[in-house]
Amino acid sequence: MSDREENSFSAKDVEAAVVSREATVERRHNGTENGSIDEIAHKHRILNSIPVLKKLNDAEKWMDRALGGDELFETQGIDRITDDQKRPPSIWNALMIWSSVTMHVGTIPLGVLGAEYGLSFSGAMSAATVGICLGALCPAFTAILGPQLGLRQIATSRYSFGFWGAKLCSVLNVIVGAGFAVVNTVVVGQILAAVSDYTMSIVVGCVIIAIISYVLSFFGFRLIHTFEKYSWIAAFILFIVLYAQATPKARPFDTPGFDTGLALSGEWLSFMALQFSSASGWCSMASDYSCNYPSSVSKLKISIMTWLGLVLPTCFTTYLGIILGQAATLNAYPPYAQAYTDHGLGGLLFEAWRPVGWAKFACVIASLSVCGNNIAVNYSSGLSLQLLGDYFHAVPRFIWSFLVALVVALLAIIGRQSLSTIVSNFVSLLGYWTVSYTIILLIEHVWFRHRRDYHLAAWDKPSDLPIGAAAVFTLLASYLGGGVPGMAQVWYIGPIAAKFGPYGGDVGIFMSFAITLLLYPPARYLERKYTGR
């Protein structure tokens, strides 16, 4: 079936889908579906008791109808999507969506930091490749749960973390997404300031991209998938040109790094951990973009598409950052070094894209590339916040997405002069929880549920879900017992990380992985034995 045939629906189809969804919600509101009152019913009770929330939800439904149902808008939120309600995009979208999410100027600083870590060109390239390829395995697994369960990513966590423990995952997911978006927003602020010859403040650029990103995320799954399918193309073309312009300035590539011996090993581990975290961070959002595929879809195909969709564009963009960092830092090519020192990454990109006319055009278009990432963050964060409780669920997703966009803009404005610090300190911390989260879901899926034993009607019924003690205990233990002793940050070097030279070597992800693998199986066995769920 062609993409056009696969994605085309008549007005009658759209109306039928909306009516079907509202009928299902009405049955649940009346407590007549599955014989019990559940989270959806509680949501409707809250709507009926709080007029402001009811008006917001009525407005959301009106926009849903006015804009053609789920073709453009989306009111479903975190509710489970059954196979008859799904409208699967092309299978290629499972790859393309991640290309747009990762191929943008906000990924470039992850590569530039290689030189700042004191690594040679070959050292930075090898660390980035290993870290990205390993980190992408996390979302490559979690993405397969969306089609099978018909749930958003954090909602799938309830089958391991329980109804209440999954709320912790929701909070962590919002923090992860907001951190990525802050980095993107600061980069764009710097770039637009450079385009204006520094007559415009970085603050203005931050506000502009925050507004554009929110407007696009205001709509729903189908529009986001359509946008992400194509938005990477412009960035790809611009980055190819930048490769051609910047690579000669980065030669010779055999310039040695700043460190040797054990210190070099530690910096390599820390840079590799940074790259691992940048790729693994999407594991807590992956199913948000795969849940509309039918349960019969090939899990292997979804997993491979997700892995390739993350690895190829992330490596492509990070390598470009490594080249720019090599030219500006290790080789200290004067124009690049001066621009980077005076104006940060935005100034460096503007200098690298010269002549001036082309640089201004390229920088403006490249700035828009972060929308692919930011709208995914706004969308997924809105869904995660709805999972925090009945009152949170009653607030429409577009309201939560607005608040996330607002907070991101404020944090970006506050941290606009500290991009490298934000990237190196924040992104590295992601890996400790994402690797533990993935291993918990993997063990639950393969060992305890044998890849299929999910009671799907129980997804929003606390009494039918695990209590989550084993998962929460394991997550905290892996972070405190593995991540903290193994982390190497500017503000703290753990006792185990300190064994790898004067600056430490970040081994927190490996320790978190090992502790999770050791603790979760026996802890979950005891939980099932004494609670029966």
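Glycine is no exception: its Cβ is also placed from the backbone N, Cα and C atoms.
Note that the coordinates shown come from a computational prediction; the quantities given were computed from them, not determined experimentally.
Taken from TrEMBL as is:
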TRANSMEM  90-112  transmembrane segment
TRANSMEM  124-147  transmembrane segment
TRANSMEM  168-192  transmembrane segment
TRANSMEM  198-218  transmembrane segment
TRANSMEM  230-248  transmembrane segment
TRANSMEM  307-328  transmembrane segment
TRANSMEM  398-418  transmembrane segment
TRANSMEM  430-448  transmembrane segment
TRANSMEM  469-494  transmembrane segment
TRANSMEM  500-520  transmembrane segment
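For the transmembrane segment (307-328), the list of distant contacts is 94-99, 102-104, 107-116, 121, 124-125, 128-129, 132-133, 136-137, 139-140, 232, 235-236, 239, 242-243, 246-247, 249-250, 253, 255, 275, 278-279, 282, 336-337, 339-340, 348-349, 352: same-chain residues at least six beyond its ends, Cβ to Cβ under 8 Å.
For the transmembrane segment (469-494), same-chain residues at least 6 beyond its ends with a Cβ under 8 Å from one of its own Cβ atoms are 157, 160-162, 165, 168, 266, 269-270, 273, 421, 424-425, 428-429, 432-433, 436-437, 440, 444, 500, 503-516, 519-520, 523-524, 526-527.
The stretch in closest packing with the transmembrane segment (90-112), judged by the count of Cβ pairs under 8 Å and taken from 124-147, 198-218, 230-248, 430-448, is 230-248. Within the chain carrying the transmembrane segment (124-147), a Cβ under 8 angstroms from the stretch's Cβ atoms is held by residues 94, 110-111, 114-115, 117, 153, 156, 268-269, 271-295, 297, 299, 302-304, 306-307, 310-311, 314-315, 318-319, 322, 325-326, 431, 434-435, 437-438, 441-442, 445, all 6 or more beyond its ends.
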